[in-house]
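I have placed the structure first, in the form of structure tokens, so that the comments after it can refer back to it.
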Amino acid sequence: MDDAELIALLGEGAHGYFAGGAGDELTLRDNEASWSRIRLSPQVLVDVSSRDASVTVLGQRLPHPVVVAPMAYQRHAHEDGESGTARAAAATDSTFVLSSQSTTSIADVAAAAPDARRWFQLYVFKDRQVSLDLVAQAREHGYEALVVTVDFPVGGWRERDRRTGFSVTHPLAINPTGESMTTSELFAMHDPSLTWDDIGEFTDAAGMPLLLKGILRPDDAERAVDVGAAGIVVSNHGGRQLDTVLSGADALPPVVDAVAGRADVLVDGGIRRGWDVAKALCLGADAVLVGRPVLWGLAQNGQAGAEAVLTQLHDELDTTLALLGCPNARDLDASFLTR
Ligand SMILES: Cc1cc2nc3c(=O)[nH]c(=O)nc-3n(C[C@H](O)[C@H](O)[C@H](O)COP(=O)(O)O)c2cc1C
């Protein structure tokens with residue numbers, strides 16, 4: 001489906017919100033471009049008759065390194081919404097991250113996809129109690145990790161949303177009344193005064209491993225380890241926050257060096273193909289998050305569409321492992337790359 005077909009399906013407002021980025025969308029484009037700039041360097045005459053894409057993250061074996069990124073307002077893409085995406089993740093052995101800005105409640109997603117490996121993404125709101133209540137619900141309903149997003153003190157400068165005035169009309173976990181709210185009204189709930197000193201409160205409340213999402217600098221990655229994060233997501237929020245920041249692919253290597261194995265490092269932004277997933281692992285990531293492709297699958301065909309996208313990513317990764325001469329994903333390293 002091209003952009004015109006997606007706009008016809010979703011309307012300009014929702015399409016602009018999902019597809020768009022901040023400012024001139026330079027980072028949005030660079031996210032994809034920077035994976036394609038990296039060249040692979042395959043090894044031949046290796047026995048690749050059996051292959052294993054599994055990785056270890058937060059001390060657990062994941063059958064695949066693909067994690068579905070937290071994305072808000074999924075019922076605006078398709079009525080299956082977050083439950084459909086979570087079921088697609090379960091069906092493909094992927095990990096699913098539920099957004100704090102979801103259009104399906106924490107409990108309902110858990111009930112719809114009890115077998116999915118579910119993590120919960122947290123925004124810290126000005127009303128801290130709202131965030132703490134979300135954490136308590138995530139714990140109660142079997143979510144296994146808390147992903148605190150730290151690159152969103154305020155909303156990015158998103159011109160598509162300014163133009164369309166996109167409003168969320170589905171009830172939200174944080175606003176169950178279902179009254180229509182613009183994204184700028186919703187983003188105004190975020191707490192711009194959040195600092196490193198506040199993270200401990202959430203580590204304590206979580207009772208599950210905590211990841212910090214939205215880190216681009218190695219010194220911030222070190223601070224994340226110091227405050228007890230079990231994982232870091234190197235991310236520029238899909239190019240939606242500050243335009244012209246560096247891409248996930250470019251930010252990753254210095255962060256991996258700084259963390260030096262003391263926490264798991266995940267990366268996102270512009271990962272579109274199984275070979276992009278392999279490149280991230282070669283650069284030292286333990287796993288990757290994939291956003292928009294899953295959303296486009298959901299938009300086109302609900303749960304089945306999201307499932308098809310995840311299945312293809314896994315199959316592409318499997319082909320990549322074979323053709324790289326590296327049958328085990330955990331053995332991918334920089335020797336398989338030429339920059
Ligand atoms: C429509 C949309 C909504 C998003 N909502 C959230 C969110 O609620 N919380 C969050 O931490 N990140 C959110 N993100 C960022 C994603 O988690 C992820 O970092 C990014 O989409 C990855 O880039 P990709 O879409 O190029 O794969 C959102 C991204 C998109 C595209």
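Cβ coordinates are placed from backbone N, Cα and C, and glycine is handled just like the others.
What TrEMBL annotates here:
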type	residues	note
DOMAIN	1-339	domain 'FMN hydroxy acid dehydrogenase'
BINDING	Y17, Y123, H237, R240	glyoxylate binding site
BINDING	70-72, S99, Q121, T149, R158, K213, S235, 268-272, 291-292	FMN binding site
ACT_SITE	H237	active site, proton acceptor
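Within 10 Å of Y17 (glyoxylate binding site), judged by CA to CA distance, lies none of the binding-site residues P70, Q121, I271, G291. Using CA atoms as reference points, the binding-site residues Y123, H237, R240 were checked against R158 (FMN binding site), and the closest is R240. Between the CA atoms of R240 (glyoxylate binding site) and A72 (FMN binding site) there is a gap of 13 Å. In this view, S235 (FMN binding site) is surrounded by 26 other Cβ atoms within 10 Å of its Cβ, with every protein chain counted. Per-residue pLDDT, averaged across the domain 'FMN hydroxy acid dehydrogenase' (1-339), gives 96. Of all Cα pairs drawn from Y17, Y123, H237, R240, which the record names as binding glyoxylate, the longest spans 18 Å.
Y17 (glyoxylate binding site) falls within a helical segment according to DSSP.
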